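Below is one structure, written out as structure tokens, with a few remarks after it.
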Amino acid sequence: MLPSRHLRAVARQRSHRRPAAAGDVFSVKPDAEVIRRNKAITAHMRAGRVLDAERLFTEMPRRSTSTYNAMLAGYAANGRLPLARSFFRSIPNPDSFSYNTLLHALAVSSSLADARALFEEMPVKDSVSYNVMISSHANHGLVSLARHYFDLAPEKDAVSWNGMLAAYVRNGRIQEARGLFDSRTEWDSISWNAMMAGYVQWGQMAEAQEMFNRMPQRDVVSWNTMVSAYARRGDMAEARRFFDVAPVRDVFTWTAVVSGYAQNGMLEEARRVFDAMPEKNAVSWNAMTAAYVQQRMMAEAKELFDAMPCRDVASWNTMLTGYAQAGMLEEARAIFDMMPQKDAVSWAAMLAAYSQGGFSEETLQLFKEMGRCGEWVNRSAFACVLSTCADIAALECGMQLHGRLIKAGYGVGCFVGNALLAMYFKCGNMEDARNAFEEMEERDIVSWNTMIAGYARHGFGMEALEVFDKMRTTSTKPDDITLVGVLAACSHSGLVEKGISYFYSMHCNFGVTAKPEHYTCMIDLLGRAGRLDEALNLMKDMPFDPDSTMWGALLGASRIHRNSELGKSAAEKIFELEPENAGMYVLLSNIYASYGKWRDVDKMRVMMHERGVKKVPGFSWIEVQNKVHTFSVGDCVHPEKESIYAFLEDLDIRMKKAGYVSATDMVLHDVEEEEKEHMLKYHSEKLAVAYGILKIPPGRPIRVIKNLRVCEDCHTALKYISAIEGSLIILRDSNRFHHFRDGSCSCGDYW
């Protein structure tokens, strides 16, 4: 790092704006010695020898703007963005190259807000400046902002036009891309290929073929695009025809055919082409390795990997991803630890492996390690960690990530923005979810669906429908997932007539054909409302056989409305379809227990034992000061269990004075009432809530997750606790969210 006194000195030089004099270290017209040293600084920086470059810079008696630019570009190229930013402010007379160098560095590091601020500050902007702004915003999915800078550019060169064209293509705005393409005629082969590739990417092969036929001049990229396009579509006959007639082939042409055969499960053909290749590069080896990985043939993949003469980071990433997708986390971690060089993809793949495998603690630890290593965090890594925070309701950690996202410039894009929405909803923070949604500069169908489904799961049906109505005023067309969210919102909020109306009009109004998921929502809606006969008739009239989820919805409705006969019929259907579904055995047992049918309860227990079905133990967890605490029923291992149990005993007395009565008919054992009350008192969610009240400052919500559906007694108890303690308690169970406040729940006891 440069001496601080030097930075202060050059900063003073710039602030005073003194003209260069004979004794100044700054030289307006560099002499041969300055030029020679400038070249040496550049060489040091390109070789990663930052300290040597800094030492040479400090020793120079005279410097030019090019000297400063060499240092600035070196800092940027070596990932020293903070140094580059502070050094830029020390340049006596920065020129366009200086500004553009820092602008590009900020854009590459995803500091888009800072890039925009610097752009506005620039005294002179050239085509390079505008092109950086166009490409950087396009890379983050901010196409409208990219177009804004494109329109601002007073002079547009080929890079500007191609950059804007690529922005539309990459983000699926193919009609706008075609409109831009047709607005001029001076396009080079790069542009033709980009337009053709855009049609290919979005599945419009007829248009891609038309572009190929119209091309004034085709190069090897053009042929490779068509070969790989047909291969990806599974049309290997057409892909092979293009390959055979191509006037020129390179290693990528051959590799496209290998990949095509591999992606279509034709491993023998892929291997034959691979073995026949006149030359192979790392991409070729990686393609064949990936073919084995895709078929979970990890032994063959490893054999090929070990034989590779030219491994690159992608080779290691392929094996890492393969082991991760096969659930072989130990082997994945071994590959990760052996990698001679890791990139953002490597870290993201390992994070995804842990996250998708449910290893939340390992995911967060690896993310911290990634930060300590100074690795740039890409969108996939952020999305994985946000997903983990969502899974364990680690809101504080998620909010910290949100801050980093904003600093990195990712917060407004769809990919990570959608993960952010899901995190806030799953953590029970609807206000911040709404704020994040409003701050998104661009939204896609996933953004709208996440909002609708999020409100639905929390029981805020009217808010979900308001978002749906707002969505209908935009260009985004509702899809089948949207309507599942809408129907779920109606179901969770008791909006029966609205739900029926949407269900029977969705094909006519939105072009959505009812799928099993939509019928399940309707069965749930009618069942919860006590309209069990209508639910049964709907199941009979469906164009397909009911699945276990539908029968499960009917079984749940039977429990709510205490219809043991219908519950038994529904359960028998479920046992036929999913004999190992422990939750359904327990649900039917609850129905029998509520009627005191203890022989039937015992029969369920015996049936579970005979079929080897084990009841899933209930767990609840809560985040306090960035640490997740897990509780089980009657937990006796938590270090603060004594204070928790003492508080619950006192709370139980106050609840009973307020009118609380234990729902002992839910206990699946024929024992005395007092013992039943004792069994219910220490359920995991009550322990977690009690700990939250003890540890979380008053006025802040208590957020708890449970892996199973909340029982009737705990649901009643939490309503009383919210009134007695004056706390907002947000419980996420396996089915939905419950917001307990002032003695009532957001579900309206409709869960």
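Keep in mind that glycine also has a Cβ here, set from the backbone N, Cα and C atoms.
As annotated in TrEMBL, region 'Disordered' covers the listed stretch 1-22 rather than the other ranges in 1-22, 529-550, 551-572, 617-638. Same-chain residues lying 6 or more positions outside the repeat 'PPR' (444-478) and placing a CB less than 8 Å from one of its CB atoms are 414, 417-418, 421-422, 424-425, 428, 430, 433-434, 437, 484-486, 488-495, 498, 510-512, 736-739, 745-748, 750-751. Model confidence over the repeat 'PPR' (188-222) stands at 82, taken as the mean pLDDT rounded to a whole number. Sorting the repeat 'PPR' (157-187) by DSSP state (H, G, I as helix; E, B as strand; all else coil) yields 22 helix, 0 strand, 9 coil.
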